[in-house]
Each structure stands twice: as C-alpha cells, then as structure tokens.
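Sequence annotations record features per position, and here TrEMBL assigns transmembrane segment to 24-47, 59-80, 100-118, 138-162, 194-224, 236-259, 271-290. For 39-288, the entry in TrEMBL reads domain 'G-protein coupled receptors family 1 profile'.
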Amino acid sequence: MGNHTTVTTFLLWGFSSFPELQNLLFVVIFLSHMTILIANASIMVAIKLNHNLHTPMYFFLFALSFSETCTTMVILPRILVDLLSESKVISLPECATQMFFFFGLAGNNCFIMAAMSYDRYTAIHSPLHYHIFMTQKVCFQLIMASCVIGFLCSLSITFTIFNLSFCDSNTIQHFFCDISPLVYLACDYTAHHAMIIFMLSAFVLVGSFVLIMISYIFIVFLVVKMPSAQGRHKAFSTCSSHLTVVTMHYGFACFVYLIPKNSGSFHEDMLMAVTYTVLTPLLNPIVYSLRNKEMQTALRKVLYSVNKILPCLAITNPEHLRTTIKH
C-alpha cells in the first residue's frame, strides 16, 4: 500500500440510503445466504457420495459450487453485520483483503466455467476417448490454473487500487469494497490506472467468455452434423444448464465491470451487484439440479439419507440425556 494514503478506514454506506428497509433486507439476504450454503453444500455432498457422479463434468461442478460458496462468504456475512450495525466502518487492510478474495474467487469462477465448456466439447467430440483426454490429473490442472489466474489478476487489481491516495471522502457508495466506488474516492486516479484495471477485468471476463464461445461454436458444428434428432437433443441438453449459468454470470458482470461509470451510476451498480452476489449464486445450484436428472437422483438420495438420520438422532438424544441426568 502507498505510504501517502491518508484514509485508514472506510464507511460502507451501501444500504444506508434505505433505513426503512434495513430489517427486510437483513431477512431476505440472510435467507438467501442460508439457501446458497445449503444448496451448494447439497450439490457437493451429492457428488462426493454418488460414485456415478465421479466424472469430469461433476468434478468441475463441485469446484464451481465450492468457489461460489466461498465467494458469497466473502461478501454476504459482512453485509448482514452492517445491516444490524450502526457503525459500518471497514479498515483499509480489511477492504483490500475483501477485494482480493472476492475478485480472485470471481475470476476463478469464470475460468472454471471455461473449463466446463471445454469438458462438454471433449465429451461430444470424442465420447470413446473422453476419459483418456479428461483424466483426473487434467481436471485438477485446469482447476488449479483457473485459481492461479483468477487470484493473480485479483492481486494486480487490488495492488493498483490500494496504491492510490484516498484523501477526500472515505464513504464507499456500496455494500462491499468494489472497484468503481473506491477509485472514485482516490485523489490520483488517472487514465493509466483505469486502463490497467480495465485490461485486467477484460482479460478475466472477455478472455474466459471467448474460450467458452469457442468451445460452444465447435459443439454446435458437431451437434448439427449428428444424424439423429435424439442425439442432438441429448447433446444440447447436457450443455443447457451451463449455458444458462454463463448467460446470467457474464451478463451482470460485464455490465458492471466493462462499461464506463460515473458517480451517478453507483446505485445502479449496487443493484446489479446484488444480482451477482446474491441472485446468481442462488440460481446456479437450482439451474444445475432442475435441468440435470442425474443430479436430481443424487440429491434425492442425500435427502433420503438425511431423513433417515434425523429420526435416529431424535431417538438417540433423549436416551443420551436421560443417561447423563442419571449420572
């Protein structure tokens, strides 16, 4: 961080503009957060316990669910605390840490989705050699590459922003430490800094999106050449969930991070930020489970196991309590 920075704490103004909605927002975001955690945890447990899902496609889905869960954990607990607190102060190091992990995990999500599209292309192009090409080692290498690239880009963005001087206001017009509201507070933010941040953001968003589109262009060519309508339908159905998630994710993210902003657009950005920090992680597991019969079957097995365990616990616990009281 630059020694010339005079601001040491920030105020996350966020939803303070709507004091009458604070309690309602807390309930909605809390329920959304719990749903995200339960839904993604259910998907991860289902994949882990069901051997039929130990395939590259579900390995990537497991990684994406884990990364999405971590992404929301970086943002949503802090929002919930701020909604109940009079003081919404965050220190400069805390702000930098939040930004680093949020954008690192978000970049990781982008490149995992690119890896998922390549996986779908390989499955359709070479079904007989699919498991030879997409070995566990290759899948792990793709996941690690996604993580490293995401966090390197995030580190560069975070370093660029927190090397600026924040010497005027310390009020961030957002509910977390996002790029646009922070650079607006900087005294020495120049076109050079803007270009660096834009190039890094474009590399993550546009770069990963181009990789996804290349895979799907080849997939379309392959599917069109398939002789049977049933084969074409099956091929497209395996990609539909992923395409839905990609559309939601990139639509909101590109609007916020690739379109030039001014101070008057922060409230608009904040509304968009709610969609990709709350709504998109909430919809992702729903999309993957509703449009995937294998996942539905695995989730039913998990729910069945949980329903079997709970009555046993209900019966066991009173006995345990009585034994404890006697002793």
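Each Cβ is built from the backbone N, Cα and C atoms, and glycine gets one as well.
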Task: Cβ contacts the transmembrane segment (24-47)/the transmembrane segment (271-290), at least three under 8 Å, sequence gap 6 or more - done: yes
Open item on the list: Please report, as numbers and ranges, the same-chain residues at least 6 past the borders of the transmembrane segment (138-162) whose CB is under 8 Å from any CB of it.
Closed with: 1-2, 5, 56, 59-60, 63, 92, 95-96, 99-112, 114-115, 118-119, 179, 182-183, 186, 193, 196-197, 200-201, 203-204
TODO: Please average pLDDT over the domain 'G-protein coupled receptors family 1 profile' (39-288) for the predicted structure.
DONE: 87
